[in-house]
């Protein structure tokens, strides 16, 4: 018995000694190293923002702000008071000046646009005179609205402000004015959009991806000849995209168009045309002012005595696909039209990271992690800013959860130096509970990002400039607010952190110098590799 007790005591003593040695020599050093790593700031953390001292477009004016002030009591996060949105737009990162614009860097010349405007107004007046005479002969009463020629109209100034860097400048007072006017201007005409007119009501029902013309949207013309695209409310704000829906048959949400414009402005991309919410009277502002008999024919009164209409495309020309007012009023988004294609043509280009748009197919980028190496050899991605702009667009789409970016457009005048327009965002904000990480594939595969984009993303992750807070404040200015539910706003913060972690992984693997790129790289290559994919619109 004594021998067995001694053996047990020796075993316990041995185990205790081994455990102590493991604790002292292995576990304790590991814990110390983990603690040191947690203290050391990451190069992508929001507390490690540094402004560029050279390169890029222009150095920010730092007379009233320095990195040191951000850390001390006078410039700390806790000292940020008042409007977070105003504080954001007054930050030096939002004061970087673009170069002086040469005439060729502006999309339109004033004389060119005014001459086009006068011709369109004169044509409208002739058209309305003939239409009124024909209606009088037929004993039909029509609503007559005169077009006001106003060379100072906000939409004209918006068009004149478009340049090769952005659709509008940061502090352009015309944009808030245009947003207000779109909410209240008199509608003088309603019609189908050009893409729906092109279908002529004849659609191929066998197509998995339906043409854009089948969506319920209208072109509204205002009293100053301004034009806006109206997308009606199809889904309640609290509703999420059904789990069984493919991204290419998802609903188009009017509030997603509104929110996308505000987010694009907050990110300082300024590539989404101004969008405002508005309640439209379907009878007085659409049915009674349209001159298109096809559009008139799709209006009907529901059993609940509400005014409704549906698309003219054959596979959705049924009352179950209609949208209805209450009884005549229906909210929707109004997106300002870009200049006519006849004076400012645009080129439509397939997104290199386009999805398969089939039930089972997969594209090369979905199976090849080195797909970006191929893209970098293709024109116009082999030089200049185009690839960086595509990565900006993927970050924007990831934040709004938009999987439907199959093409993008650029103004033909600016060529490879032009920026991609962030158009058609109505399929964003479908699911706040899911983050589709594949949308970030351009960033994760190419591992490059603009310095200005990264700095602003880092800034928006700080408590004093939190993305959800500035978005909430910005959206409160819209007539249809609340535009997004709280879960969608909080999802923006969560997704922003995932973007920053993706950049952090790239930097750890390749180094900051290879990942973070100065803005406005000069193009040096020409179209040496023909893609055969672009088409002029």
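Glycine is no exception: its Cβ is also placed from the backbone N, Cα and C atoms.
Curation plays no part in TrEMBL annotations; they are all automatic predictions.
A sphere of 10 angstroms centred on the C-beta of residue 404 (active site) encloses 19 other C-beta atoms. According to TrEMBL, the feature active site maps to 404.
Annotation source TrEMBL lists ATP binding site at 231, 335, 336, 337, 338, 409, 424. Within 10 Å of the C-beta of residue 336 (ATP binding site) we count 24 further C-beta atoms, all protein chains included.
According to TrEMBL, the feature Mn(2+) binding site maps to 424.
For 299-515, the entry in TrEMBL reads domain 'FAM20 C-terminal'.
Among the binding-site residues 409, 424, the residue whose Cβ has the fewest other Cβ atoms within 10 Å is 409. Listed in sequence order, 159, 162, 273, 344, 346, 421 are the same-chain residues six or more apart from residue 338 (ATP binding site) with CB atoms under 8 A from its CB.
Of the recorded residues, residue 424 (ATP binding site) and residue 404 (active site) place their C-alpha atoms 9 Å from one another.
Recorded residues residue 336 (ATP binding site) and residue 404 (active site) have their alpha carbons 21 Å apart, per Cα-Cα distance. For residue 335 (ATP binding site) paired with residue 404 (active site), the C-alpha to C-alpha distance reads 18 Å.
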